[in-house]
Every structure is written in structure tokens, then in C-alpha cells.
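Feature annotations, courtesy of TrEMBL:
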ACT_SITE  B:76  active site, charge relay system
ACT_SITE  B:171  active site, charge relay system
ACT_SITE  B:195  active site, acyl-ester intermediate
DOMAIN    B:27-145  domain 'Amidase'
DOMAIN    B:166-487  domain 'Amidase'
REGION    B:146-167  region 'Disordered'
């Protein structure tokens, strides 16, 4: 519950738009801006939830920056260790399926044979328009 | 009987010295007694007893399915099991009952194995302690062993014995604890960065990570598709080889399994190691490595040398970058893999109905813990258009360099690499939680995750007890698809070091009747 208080507190003090912000990192440039946070939250559809999480992202980025020290000139990216082999493909024949009922059982909201979703044409609200979520 | 090897128990079952139902009931009773370890999330008692009854029928007719028929096994809770709840220790999948079995689970069941239950893990297999799941942390059975307790009594008196219990390591801690505490003979884990080998080393059991592409990942809820491998945990190397023989092979449902034919193999008993070349990677000698593990590592190298093997120092120059590279690739793939959890078709769904995106966001916030969310967000950062080249593609290039390091070493004549598995023996939970999940993973995965990036087979074999009475394991790394050779060397080593059996005296006092029966006529192994 304290996280919600922090969230609200930050919103109030930052005047709404800048929910979370990062302190300037040692290199002087502001890496994790409020815009970035909003952008990532929107792409991932997962929220940071706290200042701690933002700090963790900063640490993760700083950690990843160590890769710059490696000389990778002329090195091709490696996607899979099995790159020298041919990917196996099955023949395009239907051999299983017909299990709609089983699959529908796992969903919370189902109507006849449809998975029911809320309306999809409503865009994700901007930071200052959002209702503060209740945290566990 | 519970302390025997797979082959011994299998022979006992064939000879009628014990029935599958008896075996099943003993394991179930032991599971109940060791409930405080929190190794199991779901105990599938009814299913197991039913399977035991069927196995018994087969034995009566003399038609056993093989070495695993009637043998209790456990499966990590990120493998789909039809009709049995599969949660990945997360709120997102709590209550989720898969409609199908993972291929590896199906293979075990087809061989007649008895499924005891689903074991505990870190949420979505993210972590190195098995402490971050919604069902709570797993306790290391060695915390309650006579060996550990005796050493502790020498140091402190009157301390609450349970408050300082040790972690199992992770993320397959539940599986490792289940095998270590004799509640099953083999357990499935998953290995993405060391998740099978790490807890194996901390719990004093054998943890095998097969070559990538050897064992099907179909049904294993994916973390990092290019590195995940189902892992095998057993109490001895021979058992791991038996299980591998059953699980390995092409699966049409997993196109990343190789098509080369694979047959179950019996491990040869190596007697002459003079033609063997063992490599010791010098970059693995880090300052963080505990002096005890370091000295055991030295001792192991000397053991091979004294028996005639060639032991040489080798170099894996990009070792210091492997953790960073893993961090970027792992979080990126996680960001992609976790996108499937939106509450629509399965899993948790929140009550918000305003819009699809609002529903997805709230569902994912409620369903995932901080660790998972942190990784998703980091991964999304690295995959942003402006970062893709500098982070993700860069990491892929570094991955090639790391994989190449191993290829170069093996091409220079080295058969097997010998390294530590962990930095030290298992630590108390109170100490472990002082650092966050990401830091711990970065520290603990040091020796294990480069192997995942190169897709090589590796096995952690318990070597000796530390001065605190806790297990220390060492890791052998083999060439790609040379799992048999790797296990042969591991078996030789295991025989030489004679790692002691865990003494869970207090538990065993209740089960003393089981052990009295050990004095029966010796089992003849055909």
C-alpha cells in the first residue's frame, strides 16, 4: 500500500505529467526520462509501479553498457547455436486439433466459442489521464 | 530403498522385492514429512497412486516398460502437465490447468514413471535462489542434515535451528530439494543460465544440462527460447544418463530439436583417463570464488592429473562479458515471451473492462512479481528501435564470440572443461535476500550461463562437503552433442570422490522401518 502513497505523492508534487523521474546519472545525461518510462510502460503493458523499479532499470542499463567495451568488428550476430543446421519443418497436414472446448475452459470470459475481450479501439491513456492503480 | 539408484530400484521392482505402490506410498509419506522444505507446489497423490497401480499390473505380467517403470519422479512447475495445475510459481498462472503434457513429461509417463508432483521454483524461473515464487522459498534439505547441524553446534548454542535455513539455489530449487530429500528418484528442472546446475550443487545432487537441441522444449513454458533446456536432477550420474536416454531425441513439435537419431545409452565405466584432456579455464578463477571451492577445484584437477589425464589451463577470453551479454539477451527474449500473458485465453485476468490495453496492463501488473516486470521492462528498453543495434544486436555478436571461445578450446584438443559450479556453498536465506534478484543472478550465474549461450552440455557433480558440512559441486562442460562422453567423465569423477549421503536423521527416525528393510538379501543387478 505504501507504493500507492508514493505514487500519489509523486504525482502531486510533479504536477501530474512527470510521474516518476530519475536522478541524473553520473555521466550527466538523463537516461531514464519520464517520456521513456511512459513509452516502455505502454509497449510492455507493464507498469514500473515504484521509483525502485525505475532505479533498477537504470542499473540494468548501466550494466548492459559494459558491452561497449567489446570489439565486435566483423562479427555476425548469433541468433541460435543451431545456425549451421536446417530448421525442421513439419508437413502442412492437420493431424491434431478439434479441442476448442478444452481450450476455452482455461479462459475467464467466454461466450459460446469466443474469447471475450474488452473494446480494443480505446487507446491507452496518457500518464496524467490515468487513474492511480491499487497495488497489492 | 529410497536411497538406492534408479537401476537398483528398477531391479528390485522386477524381482518383486518392492511394488510400485509401496514405493509410491513411501515417497508420498516422505513428501508429507518434508513439507516444511516447501519443495512441492502440487502433490499429485491420486495420479501417482493410479499410475503405480498400473505399473504394478505390468510388473505382475512381466511387461515392464523399462528402467523408469514405477519410479517416482517430480517435475518443475514450469512444465505443462495435462490435468495438473501448472503455475510457474506466479499469480499469472495460478489455477491454470494445461490441456496437454510437455513432451518430456509425456516421455517420462510413457515409460511408466510415477508423477509425484510439481516442484517449486522462482517465479517464471527467474532467479538463482528459488525464493521469489508466490508459494514461498524452498529450503535446502542440508539445513536439516546431521552433517550441517553438527558443525553449527560447534559454533553457536541455543540458536533457533530453523531461523537460519539455507537456500537451495535456483531456479529449480524445488526439484533439487525433492531429489536431495529422497522424495523422488529423478526430477525435471529447466536450465537457462544455470537453473539446474546451481541448485544441484547447493543440494548435493547431480544436475545435468543437456546440449541445446537434444531435448524437446515443447511444453516447457519458455523463458529464453535460444537458451532454455530441460534439465535433469538425480542422485547419481548413471541415473541422469538413464533419464537423458529417455528424454533425448527429435520432437516434431519442437523444431529446435536436432534430427540426428538418438538412442538410449549405457554409460561405459571409464578406467583409463590417460587419453583424456581436461581444460581449466583461467578466467573462472575470480576473486569472488570462495577459497574452499577453489581448493576443491584444484584438488579435482590434481585428481585427474594423478590418474594420468592431461590437465591444461585454457582461456575463454570473453568470460567477463558473458554475464552482461546474458543479461541483455535474456531480458529481451523474456520481454517477448511474457507478452503472451494477457489474461484473454488462459491465466489470471483482472476485473477491468474499459479497454483491451487497460485490461492487459492491469492483468499483467497483478499477475507478475517485481522481478518479472523488471525484466520485461529492461528487455523492452533493449529492443527499442534506438537501442536495438547497440544493445540487442551487440549482445548477439558478443554471444558469438563467447560461443567461439568454447569452440576454439575444444578444437585445441580439450575433451572436457572442469570449473566450479557456484561461488560458494549454499548460504542462509537471510543473507541471500540482502541483495536483489538481478544482482544475485548476476553473481551466482557466473560459471554456468556461458554454457547456455554456447548451447553446450554441462553437468554439476557433488564433490565434497565444505567445512560447514554443506555440499560443493563442480561442473564439467562438454562438446556440443557429446553428452555421453561428458557423463562418462563425470561418472568416473563421482566414483573417485565418493560424495557422502545426506543424513536426515530426524526425518529418518520416523521412517526407520523403511531402512530396516535394507538389510534384506542384496539386490542382484542383471
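Cβ atoms here come from the backbone N, Cα and C positions, even for glycine.
Across the fold, the C-alpha of residue B:76 (active site, charge relay system) and the C-alpha of residue B:171 (active site, charge relay system) stand 10 Å from each other. The Cβ of residue B:171 (active site, charge relay system) has 38 neighbouring Cβ atoms from other residues within 10 Å, across all protein chains displayed.
Across the fold, the C-alpha of residue B:195 (active site, acyl-ester intermediate) and the C-alpha of residue B:171 (active site, charge relay system) stand 5 Å from each other. Secondary structure by DSSP for the domain 'Amidase' (B:27-145): 45 helix, 19 strand, 55 coil. Of all the active-site residues listed (B:76, B:195), B:76 has the fewest other CB atoms within 10 A of its CB.
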